[in-house]
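Asks: Pasting a structure below so you can have a look.
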Amino acid sequence: MCGILAVFGCVDNSQSKRSRIIELSRRLRHRGPDWSGLHCHDNCYLAHQRLAIVDPASGDQPLYNEDKTVVVTVNGEIYNHRKLREKLTSHQFRTGSDCEVIAHLYEEYGEEFVDMLDGMFSFVLLDTGDKSFIAARDAIGITPLYMGWGLDGSVWFASEMKALSDDCERFISFPPGHIYSSKQGGLRRWYNPPWFLEHIPSTPYDPLVLREAFEKAVIKRLMTDVPFGVLLSGGLDSSLVAAVASRYLVESEAACQWGSQLHTFCIGLKGSPDLKAAREVADYLRTRHHEFYFTVQEGIDALEEVIYHIETYDVTTIRASTPMFLMSRKIKSLGVKMVLSGEGSDEIFGGYLYFHKAPNKEELHQETCRKIKSLHLYDCLRANKSTSAWGVEARVPFLDKEFINLAMNIDPQWKMIRPDLGRIEKWVLRNAFDDEQKPYLPKVGVIVTFCTGLSILVLKSLLQKEQFSDGVGYSWIDGLKDHANQQVTDSMLSHASFVYPENTPTTKEAYYYRTIFERFFPKNPARSTVPGGPSIACSTAKAVEWDAAWSKNLDPSGRAALGVHEAAYEEAVQAKNVTVMNGPQQKIQGTVENTATVA
């Protein structure tokens, strides 16, 4: 992960302007501590702060075509760069960087090459021949990008808001799946999958096809020339990432450099659900597991730094970002520069607890579409900026472009939560990896009358799903609320609508975060980059309509929907005889006597 800053059309192109660009680029150095680069052409500037993951020796940026008439600065990874090079045999490459291919693709295909890229990226490219430029962001918005406009008519692009907020009169979060062209004079969408229009798909569910697509997504993300690992919370999503990575690591090029034992990382308050669950999975996979601990006070002490780096005042994002921020610092101290993470699965498969209330498959599918479209404002923002704050790159296999297109084309009736059929949240994913011959995850004998026990994938049918901010320890959120109550008075909250008329905070915790954010980013455009609206357990505002009672209990924590989850399984848990789905067709009978606490 890197930091990019680009400015075009400055009235002032003096040495002082160059110095100012360098100064602003340094605000992004945490994202790329390995190298700083700058290219100037008349009144155009492209600056880069590099985190070297692929080709550390020669891949410094900005990057160029053969005669240096095309200049590009890139944040991200292009996983199919080798295949793309095969299409560019007439071009001469200067480095082994995966990102250099962008300059040559532009030279060969013009502006319409972006859909050929498979990866996570945001980039800015200058064609010095006519001083035209383009900027683009990946399909989902895994990597951050902001766009701004100066009073002198200049156009700005930066990986983080802090690099352009002082010098731009207006700025926005660059929309995912879009390209900006100075020639065409505006933004246009380059990523147009069928699911984006929220049409209801009808493709039958094939568990093996889904499994193979996810394995492929994980394997391609093992492309690295530096030490790496997996963020393992012990939940389904991160456990599957770790299981697949561990299984295929030995066959990868990375194993030749860094060994075939996977490193896994987890953080939590002592005794938290995540730590226990992650340890069980790590023991089964035989990873080199690293446990990190933090206290509520340590998290509170880090809040200002966290908000400065993640650039949001959204309550749920800050709650979850803080442990991830603290963990990333520890990971970097071990010499690790890249990690795989499990973001995106809940949005694709309807994994949040509130999906139990989805009235039909049409509304479930439309809600998953809305959630994916807003990922760049929430989970992608958190995962990227919390890790990049310490020079660590997070890769997210569930948000692989090909995998999303396949998973979102499945008839959503298979994603519906049906306890009567043994289908719990994310059943299609659990079922795809429920391999009796070669299990991906450990067998856990929690239902004692089953002689073989049940895999973690099936075990979760009887257990509550944890959000990351809950799983690190329940006292974390309670501690944040208590601290905010000490900082914000009743009078302050009662006048919140006058102080913050846009996205008015409704709780003392939200008010407290907003005051910190406004201190760092006081301009109107900054606060407008943060989404608002009612939410229940991470839902969109539209999904709040699924249950009339939710509008009276708008809490972003997963605990707000706990009653929904428990009610859905009440019959199964209390009944003497329980039927649990264990594979596409197979059913097993048994008696519930004990369950383990697995997040």
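The backbone N, Cα and C atoms fix where each Cβ goes, glycine too.
Source: prediction; values computed, not measured.
Pulled these features from TrEMBL for this protein:
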- Cys2: active site, for GATase activity (ACT_SITE)
- 2-185: domain 'Glutamine amidotransferase type-2' (DOMAIN)
- Asp98: L-glutamine binding site (BINDING)
- Leu231, Ile267, Ser341, Gly342: ATP binding site (BINDING)
- Glu343: site 'Important for beta-aspartyl-AMP intermediate formation' (SITE)
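Would you situate these features in the structure and describe their surroundings?
Replies: Of all the Cβ atoms in the protein chains shown, 28 others lie within 10 Å of the Cβ of Cys2 (active site, for GATase activity).
If you take the C-beta of Asp98 (L-glutamine binding site) and look for same-chain residues 6 or more apart in sequence within under 8 angstroms, you find Val54, Asp55, Gly59, Glu77, Ile78, Tyr79, His81, Gly119, Met223.
In sequence order, Asp237, Leu375, Asp379, Cys380, Arg382, Ala383, Ala394, Val396, Phe398, Leu399 constitute the residues six or more apart from Glu343 (site 'Important for beta-aspartyl-AMP intermediate formation') in its chain with CB-CB distances below 8 Å.
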Asks: If we check Cα distances from Cys2 (active site, for GATase activity), which of the binding-site residues Leu231, Ile267, Ser341, Gly342 wins as closest?
Replies: Ser341
Asks: What is the number of other Cβ atoms found within 10 Å of the Cβ of Leu231 (ATP binding site)?
Replies: 26
Asks: In sequence order, which residues at least six apart in the same chain have a CB under 8 Å from the CB of Ser341 (ATP binding site)?
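Replies: Those within reach of Ser341 (ATP binding site), by Cβ under 8 Å and sequence separation of 6 or more, are Val230, Leu231, Ser238, Val241, Ala383, Ala394, Arg395, Val396.
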